[in-house]
Amino acid sequence: MLKNNFEKSKNYFKEKYGLGLDNPIVIIFIGYFLIFFLAIPYFGEFGVNSLLKMILVVFGNLVIFSIPFFINFEKKMKLDKLNLKMFSGILLGISMFFGVFTLSGSLLSAVLFSGLVFLILHIFIKNYYSEKISKIMFLIGVVSFLAMVLNYGTIPITNYTVRMAISDDPLRLISSGALTFASLFNFGYFLVSFAILAVTGYKANVLVLIVAFLLYNYKNNKISAKKIFLIGIFTVLFLGIMAKAILSSSGQSWSLNFLEILSYRAYFDLMTLEKIIVYPTALYGKIAFTPGGESLIGEIIHGYRHNITSTLFGPIYLDLGYYSLIFSLIFGIISKLIYKKSDTKIYSIYGAVLLSMCEIGINYGFLVTMLMFLYVSENLHKKPIINKKIF
């Protein structure tokens with residue numbers, strides 16, 4: 001009886017409002033729900049007022065983010081008459097150029113990097129429906145991982161220093177992106193990719209891989225919500241084990257078990273958000289709109305420079321205060337465009353990245369990534385996919 005009511009309710013919201021598990025609104029809600037749920041043992045550290053403030057900030061931004069999904073903004077803002085292919089390309093180009101120039105200080109590097117990315121995207125879009133694309137991407141992912149291991153002389157998850165050193169390594173970024181995409185074509189590719197990304201030592205990469213795989217199969221009616229729930233529990237537990245393994249290799253002495261580590265991390269994320277909300281002044285773009293700005297959160301909020309996770313809307317609220325609601329509206333419009341226009345595989349990866357950002361927090365790298373997804377979505381035509389049960 002309860003199961004039937006749940007299924008009816010789920011189908012009602014999906015059919016009437018498009019609020020399936022794959023919808024960006026639902027993805028963000030689930031992400032925040034998990035963080036608050038895992039942090040329950042530490043709720044006593046906050047107090048009722050602090051919890052209510054955090055919920056209000058999160059809920060307020062999520063509500064504004066949701067508006068474009070219920071109102072036809074495309075027509076009201078005449079986006080249907082705007083050349084989004086060109087517009088998204090210009091925004092992506094400017095964001096990449098600014099990012100590279102800010103970090104390198106080299107005008108030539110900024111131009112060459114931006115041009116190279118557009119060239120790669122053009123080749124990717126042109127060959128997207130090629131029968132060999134999955135094999136090529138899988139090969140690129142594996143070779144990039146092996147090259148990284150040979151370069152550093154060890155498997156990253158076993159060496160904390162190496163793991164930290166590869167945080168911005170192009171080989172790691174290429175490997176994780178290529179393997180995630182390839183895994184959507186083949187369950188064997190998924191298993192190999194899972195093993196590789198697990199020993200690379202970055203929980204976010206593993207989360208994106210699994211969630212993208214689940215979203216892709218959910219959107220193609222190959223897996224039920226019940227199975228997604230069960231796999232979701234396994235994923236959370238596995239990420240906890242990964243966190244324990246990473247801390248063990250760091251030389252730090254933690255008495256917490258892997259479940260307690262997950263709970264503490266969720267508490268720390270909310271504690272950071274709590275401090276952000278009461279911070280006296282807005283930073284006007286120093287965090288989310290500045291390349292590498294996320295490292296300032298640790299310095300400003302906790303007194304030491306480090307990349308601190310502060311939940312999805314945390315960095316934007318620190319930058320803009322109440323005006324973060326304006327950003328959330330724009331964020332919602334772009335996410336809706338990606339959700340409605342993307343090929344299933346492309347959106348599945350975006351949805352997975354969106355979930356991972358629920359803990360990490362919006363940063364400049366994510367903004368560039370979001371524009372890249374929008375650019376690909378606008379330039380890539382959908383192709384019908386034949387359903388084939390895998391579970």
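In case you wondered, yes, glycine gets a Cβ from its N, Cα and C as well.
TrEMBL labels come from automatic prediction, so no person has curated them.
Only residues 6 or more beyond the boundaries of the transmembrane segment (21-44), in the same chain, are considered here, and those with a CB under 8 A from a CB of the stretch are 51, 55, 58, 62, 65-66, 69, 215, 218-219, 225, 228, 236, 262-267, 269-270, 311-312, 332, 335-336, 339, 347-348, 351, 354-355, 357-359. Residues annotated as transmembrane segment in TrEMBL: 21-44 (among others).
Feature annotation from TrEMBL assigns transmembrane segment to 50-70 (among others).
Packing against the transmembrane segment (82-101) from elsewhere in the chain are residues 107, 109-111, 113-114, 117-118, 291, 337, 364-365, 367-368, 371-372, 374-375, 378-379: each is 6 or more residues past its ends and has a CB under 8 Å from a CB in it. The feature transmembrane segment is assigned by TrEMBL to 82-101 (among others).
For the transmembrane segment (107-124), same-chain residues at least 6 beyond its ends with a Cβ under 8 Å from one of its own Cβ atoms are 89, 92-93, 96-98, 100-101, 372, 375-376, 379. Residues or ranges marked as transmembrane segment by TrEMBL: 107-124 (among others).
Annotation source TrEMBL lists transmembrane segment at 136-155 (among others). Same-chain residues lying 6+ beyond the ends of the transmembrane segment (136-155) with a Cβ under 8 Å from its Cβ atoms: 162, 165-166, 169, 171-172, 174-179, 181-182, 186, 189, 192-193, 196, 199-200.
Within its own chain, the transmembrane segment (189-216) is flanked in space by residues 21-22, 134, 138, 141-142, 145, 148, 155-158, 163, 166, 172, 175-176, 179-180, 182-183, 223, 228, 231-232, 235, 238-239, 242-243, 245-246, 344-345, 347-349, 351-353, 355-356, 359-360, which lie at least six positions past its ends and keep a Cβ under 8 Å from the stretch. According to TrEMBL, the transmembrane segment annotation covers 189-216 (among others).
Among the features that TrEMBL reports, transmembrane segment is placed at 228-247 (among others).
Annotation source TrEMBL lists transmembrane segment at 320-339 (among others).
Residues annotated as transmembrane segment in TrEMBL: 351-376 (among others).
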